[in-house]
Amino acid sequence: MPREVSWPMWAMFITATYALAGWSAYSCATSFDDPLSALFMASSGVHFVIWGNFLIVHYCLFVWAIIRVLFGQLTAIEYDHIFERLHVVLVTLASIVITMRKTYMAGHMTILFYTLCLVAHWVLRDRMDFVFQVHGTDSSLLGILCSRFMFSLLVLGMVDYKMLKFCVQNTNVDGKRHDLYLMLALSFAQLILDVLHVVLLTSLNLFEMVRSRRTRSANLVYEGGTTDDDADDEVFILEGKYIYETVFDLTITVLKVILDIIQEVFVPWSITVVYSIFVRSIKAGESFLLVYNYWKNNKKLYEKLSDVSEEQLDDTDSMCIICMDDMLPTTETTKMNRRAKMLPCGHMLHFGCLKSWMERSQTCPICRLSVFANDSNSHATTQAREQTPPDLLQERGIDEHIDVIGMQDMSVQSISLHEGTAVRRGTTGNCMNQAYDGGLLSHEERDQAGWVAFPIEFRADNKVFFNLNDSQGDRQWMASYTSYPRQNMVNSDDPDNASESHSRIPSPSLPGSLEGTSSQVDVTVSAKDAPANACFVIATSKLEQTKEVEHLKRKVEELESRVEELSKRIKTDQV
């Protein structure tokens, strides 16, 4: 029983039910000598409520006994899923019984049996996940094939087929169509589809389990029979498993929608059927888009992402955030799935882990930036050049600025993209201009300067997009800067008054801890001294802080995932 309802409470409720039923039977029998009159009294008033409760309690006990025989002790998750879905089914079946009151009693009994089968199918789906998650690859193939789960799967499949055949035979009797049996036939057909879905998922899990055992045996032979190496513990992960599961679910959902449409055509109109068609159609559309995006974006995923060098791994945390295992350079691993790949946002993952993640989401698991941002940037660059000319921004009173942020002895430099005027303060401007003229400095020059320059890529929707490059490697981030309405504009024709008319400029939008603070500027530089390609400048000490913060974030995410896993195990073990 679920945690909220203990056995003593159930025992007290059942005892009270029997006591009230005994009192009702005694009262009706002593009130009338005629059995028909006593039966009529039992079916009216408070006696009807008592006997209705008596029948419901015994039906629930019967359902519980059948479920216990098929599946044994239920887990807390299975109980939760039953009570989450049961109220909707009861309302639907009650509406069917009320609208079809003239149907034979056999039809109503079939509805009760259908409810029992429906609950058993819910438990069957959850039990499949429980069997393969708890036992994993440690169970033998013969043990799973001879388990109670496979027995329940076989029994429910046979029962669904027999009930479908029975309902089809009673749909048209003596030339008269019975809509209730037609509806039940379509409902049992959907239960057969559920059994087929479980069979497909079970076959997929069994295939993965067999391949995993073979991979482990091959690793043991290759490593000389030891069990201490990481390669010995490596399990086979079926590539594209989630996509296969999504395709199975999409196929079953489409077939169920077709059955619902048939039911809506031949059976009197029902709002529950329309709701089912609507919800399942949305679910099928989402599954189709997921499969399509995965097929479109992942065809050349390996070539699109750059390899990670040993220097880059040394400069950052080399732990994969998905599998929590250390990443190795490309030269030290022969397996493609174990190679480290760098995303456009600069985060690094195992290629195999990335493919598994991409089956569920097309974004980075750490910063949620799109993995294919570079492909969209090239299109956005062309579109921005065509749609946001400088004259249009001038008319709307929009001014785009970039703050060059320095640390300690570094100064702040503000550049107006459209006015052609640059303003600076301090004694390090020559070093900055050298970086602007030559793009990014070399690693040695950047180490001496103590800062990193970031060139602007493009503009779109009043935003400036640019890449942030690590001074110690090729790691990159994508950042954006949003333009704001012009306050005190710097007049490019009169640069002498620039320092008097400038205002404090908002900081660019940087990811995480890279966001800096701007300050006011004092010295004006003419337009000819302004750099051709504007850049952001930030101290390398900021990047070191970012690495520490990212490392702490990964540790926190690891702890959260472990806590969530332990919570699921505790919830599964509780009854």
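Heads up, the Cβ atoms here are built off N, Cα and C, so glycines get one too.
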Is D129 placed by Swiss-Prot on the same side of the membrane that T30 is on?
no
Of 124-172, 173-221, 222-270, 320-368, which range does Swiss-Prot call zinc finger?
320-368
Which listed stretch (5-25, 47-67, 180-200) has the most C-beta pairs under 8 A with the transmembrane segment (80-100)?
180-200
Let me know the model's mean pLDDT on the topological domain 'Cytoplasmic' (201-575).
61
Other parts of the chain folded back onto the transmembrane segment (104-124), taken as Cβ under 8 Å at six or more residues beyond its ends
59, 62-63, 66-67, 70-71, 74, 78, 81-82, 85-86, 89-90, 93, 96-97, 149, 152-153, 156, 159-160, 163, 166-167, 178, 180-181, 184, 187-188, 191, 194-195, 198
